[in-house]
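Report on the following structure.
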Amino acid sequence: MAAAEEGCSVGAEADRELEELLESALDDFDKAKPSPAPPSTTTAPDASGPQKRSPGDTAKDALFASQEKFFQELFDSELASQATAEFEKAMKELAEEEPHLVEQFQKLSEAAGRVGSDMTSQQEFTSCLKETLSGLAKNATDLQNSSMSEEELTKAMEGLGMDEGDGEGNILPIMQSIMQNLLSKDVLYPSLKEITEKYPEWLQSHRESLPPEQFEKYQEQHSVMCKICEQFEAETPTDSETTQKARFEMVLDLMQQLQDLGHPPKELAGEMPPGLNFDLDALNLSGPPGASGEQCLIM
């Protein structure tokens with residue numbers, strides 16, 4: 001009888017130990033669960049009816065989501081969250097001032113993702129690119145023409161975390177990385193190269209029909225485009241930082257010259273919206289090696 005009671009006691013103890021082990025495992029599992037997504041900061045519409053979304057709101061939402069993934073690939077989770085928050089703050093402030101520009105960034109990003117070898121997708125991307133760059137050029141002009149003092153401008157830049165210091169709020173390198181992703185050399189360079197290759201024949205066939213002054217402008221435009229292509233083609237993976245910086249400054253200077261010469265012929269570059277400048281000032285462009293500059297004949 002005593003042996004039976006002892007056996008029951010041992011069995012009960014084993015059951016308790018098994019139960020405690022299972023509970024501990026469940027606790028560990030609960031701790032390992034990912035934290036729930038933070039609640040959306042978007043204000044819900046009130047009972048009076050749906051709220052009208054301002055221009056660019058949809059573009060902001062999609063852009064924030066895509067950039068959060070971009071930051072997470074660059075940093076660990078804590079830094080990614082911080083970078084995302086800084087980027088979102090800067091873009092929200094930009095969207096309040098220039099909602100159309102934010103919307104164009106999203107259109108450009110979507111078009112870049114769809115661009116392929118077919119003419120339709122390339123024309124769509126080119127159109128979005130031109131509109132976005134036009135907005136950037138307008139913003140730069142407005143800033144130059146504004147009456148802000150140097151001190152006010154410095155404070156504004158610090159508020160966006162884009163000052164030149166090395167503080168934690170400096171988001172300028174991140175914004176530059178975003179621009180490089182949106183305006184990749186693999187997408188932009190082939191289109192520019194194609195125009196330069198078609199330009200000589202176009203100039204030859206329109207020599208007699210164009211006013212001399214306009215013809216000379218087109219000749220100069222072709223020459224500048226070829227110089228830009230040569231800069232792209234001179235890039236190598238072993239270039240030093242000094243060489244890359246010098247090439248970048250040269251490209252920006254050439255792009256400004258290109259803008260001053262006006263629009264390229266629509267037969268070569270496609271239709272352009274009225275009043276739109278062929279402005280590529282703010283881009284950090286570099287071209288892939290391999291394409292020969294010999295086809296760019298300076299006329």
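Any Cβ shown, glycine's included, is placed from N, Cα and C.
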Among 2-56, 112-166, Swiss-Prot lists region 'Docking to the peroxisome membrane and binding to PEX3' at 2-56
Is it possible to get the count of other C-beta atoms within 10 angstroms of the C-beta of T236 (phosphothreonine)?
8
Restricting to the region 'Necessary for PEX19 function on peroxisome biogenesis' (2-91), what is the model's mean pLDDT?
55
